[in-house]
Amino acid sequence: MIDPIEQFHLNKIFTIGHIGNQEIAFTTSSAYMLLAVVLIAAMMLGAGRALVPGRFQSVVELAYEFVANTIRTSAGSHGMTFFPLVFSLFMFIFVSNIVGIIPYTFTVSSHIIVTFSLALLVFLTVIIYGFYKNGLKFFKLFVPSGIPAVILPLVVIIEIISFFSRPISHSVRLFANMLAGHVTLKVFASFVTMLGALGFVGKVGALLPLGLTVALTGLELMVAFLQAYVFTILTCIYLNDAIHPGH
């Protein structure tokens, strides 16, 4: 059977430079992240501002309204301050996920270093803006209202641990779902290849895993959107803590 993990291996395209003894390389992951950015930029530039929107403009406007409504629902009107960040994260993750479904491509979001970097960006934004806007009142985030004084110290400790574990849970959720989905697809696709090599009987038997592969591909398209949405809505919820730490 073809190794289902092989698709996640990083291949060096060229060396950018060195920091000490550490090589800095432009890899397949770098290439597909750049591709996602180029595709998003092309979509934005090609959308136009026509009174009667075309296809690209309709897609961009739909994405804009979707993200804007998500922010308003989760973080209120003040959350629109972060629209450029949230919209960029949603589009980058969604486009990267869609590109990764195409055979023989690379799934950027299946690497924990990528998803953790995005989650860490959100985490640091929450901390920096939280202190910038609220000062020391930001610490109210760790002291929920209405908690009895007897158990308050325990609750504060739990809240602090929960807060600092956010980048881990935020990143692992996206990484694990994309990794598991692509491994499953690869396994069923390899069954098709193996059975197809066994002659007529094998080709007939390959119809079942082929059908499952097609069905799973459709499911992965839905997962590609759902995971981008989940990452986005969690980002909005976390940003709401920076805007309204006492709520």
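Glycine residues also receive a Cβ, built from the backbone N, Cα and C atoms like all the rest.
Feature annotations, courtesy of Swiss-Prot:
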type	residues	note
TRANSMEM	24-44	transmembrane segment
TRANSMEM	82-102	transmembrane segment
TRANSMEM	112-132	transmembrane segment
TRANSMEM	141-161	transmembrane segment
TRANSMEM	181-201	transmembrane segment
TRANSMEM	206-226	transmembrane segment
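Spatially, the transmembrane segment (206-226) is not adjacent to the transmembrane segment (112-132); fewer than three Cβ-Cβ distances between them are under 8 Å for residues at least 6 apart in sequence.
Pairs of Cβ atoms less than 8 Å apart link the transmembrane segment (24-44) most often to 82-102, out of 82-102, 112-132, 181-201.
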